[in-house]
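Record features (Swiss-Prot):
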- E80, D98, L100: Mg(2+) 1 binding site (BINDING)
- D98, D101, E261: Mg(2+) 2 binding site (BINDING)
- D101, G102, S103, S104, N189: substrate binding site (BINDING)
Amino acid sequence: MAIELEDLGLSPDVADVMQRLARVGAGIARIISRNGLERDLGAGVGTNAGGDGQKALDVIADDAFRAALEGSAVAYYASEEQDEVVTLGEGSLALAIDPLDGSSNIDVNVSIGTIFSIFPAAAGPEASFLRPGTEQIAGGYIIYGPQCALVCSFGQGVQHWVLDLDAGIFRRMPDIRPLPAETSEFAINASNYRHWPQPIRAFVDDLVAGAEGPRGKNFNMRWIASLVAETHRILMRGGVFLYPGDERKGYERGRLRHVYECAPIAFLIANVGGRATDGCADILTALPDRLHARTPFVFGCASKVARVAAYHDLACEETSALFGSRGLFRS
């Protein structure tokens, strides 16, 4: 046994897949803890299907998860590191995975992770993943940080496990609490401010204005450049995360992948009372048009995400002309 799954009512097939994912996750945690002692896990080794640079650990993780799922109920394996869906067998499930999220942080000892989602297998490989996120059986992640933790939702709340290093087992912890309605943290890469669309600039301007601004309170900005780490913080204490599309070439639809990253995170957030959108429309009801499709991504406390959508509902010229520096909304 690699993870405690009692009392969750999972089907034998899903439970077996979770055991396999947990076993590989524990192994990757051990490999990461020895980075540099035997090999450089952050060494560049090529590019993936999306054109992003691959690190050695990206490939190690992808190979390990794919091998572990052979002989399981997973018929189709879709990975951010693979050009196409890999057919593993005749099973009833399909699994999408970002084997190693945040790999730019490998060499600086910052939390990285694995993001995954499980769907019922459809009639064909791509059809199993080009579907609404509401059809997920499970969505979750493993975070490799000071603790190695696994967080997953099966559609009823969000469950949380921590790796017991001595026993090699993910121990069940209390479930994640519903997200708070109001918090004072937001996460965005502010260095790209000049490239953002006007609604995102206006939203962030109002937060940065603090107690003297239209929101009437001070906010703190966070940015880790690891989606798993950002998600874990928001699940633990609330807030909102923004990765908008912008005017740079290749960034028009943001950089995060709908299938491998955004859909499973959106599933988690929805199951603690939060919301996830592309800035306007809900991620979970959107249909990706290809495996490696990218999307702008805003998620976290429902009220904050709704506020971002409200900024988008106003025309950019109206935003500038009517509100200027006093902001769009009063708190």
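A Cβ is built for glycine as well, from the same backbone N, Cα and C atoms used for every other residue.
Positions of Swiss-Prot features highlighted on the structure.
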residue: E80; record: Mg(2+) 1 binding site; DSSP (3 states): coil
residue: D98; record: Mg(2+) 1 binding site; DSSP (3 states): strand
residue: S103; record: substrate binding site; DSSP (3 states): helix
residue: N189; record: substrate binding site; DSSP (3 states): coil
residue: E261; record: Mg(2+) 2 binding site; DSSP (3 states): helix
Inter-residue Cα distance where the pair is L100 (Mg(2+) 1 binding site) and E261 (Mg(2+) 2 binding site), in Å: 11
Could you round the CA separation between G102 (substrate binding site) and E80 (Mg(2+) 1 binding site) to a whole angstrom and send it over? 12
Using CB atoms and a 10 A radius, I'd like the single residue among the binding-site residues S103, N189 with the highest neighbour count. S103
Rounded to a whole number, how many Å is the Cα of D101 (Mg(2+) 2 binding site) away from the Cα of E80 (Mg(2+) 1 binding site)? 10
Spacing of the two Cα atoms, L100 (Mg(2+) 1 binding site) and N189 (substrate binding site), in whole angstrom, works out to 20
List of residues, in chain order, with Cβ under 8 A from that of S104 (substrate binding site) and at least 6 apart: A225
Measure the Cβ-based neighbour count of L100 (Mg(2+) 1 binding site), defined as the other Cβ atoms within 10 Å of its Cβ. 28
Note: in the chain of D98 (Mg(2+) 1 binding site), residues six or more apart in sequence with C-beta under 8 angstroms of its C-beta are S79, E80, T114, I115, F116, R257, Y260, E261
Residues close to Mg(2+) 2 site centre defined by D98, D101, E261, Cβ within 8 Å: E80, G102, G113, T114, I115, Y141, L227, V228, L256, R257, Y260
Between any two of D101, G102, S103, S104, N189, the residues recorded as binding substrate, what is the biggest Cα to Cα distance in Å? 17
When you measure from the Cβ of G102 (substrate binding site), how many other Cβ atoms are you left with inside 10 Å? 22
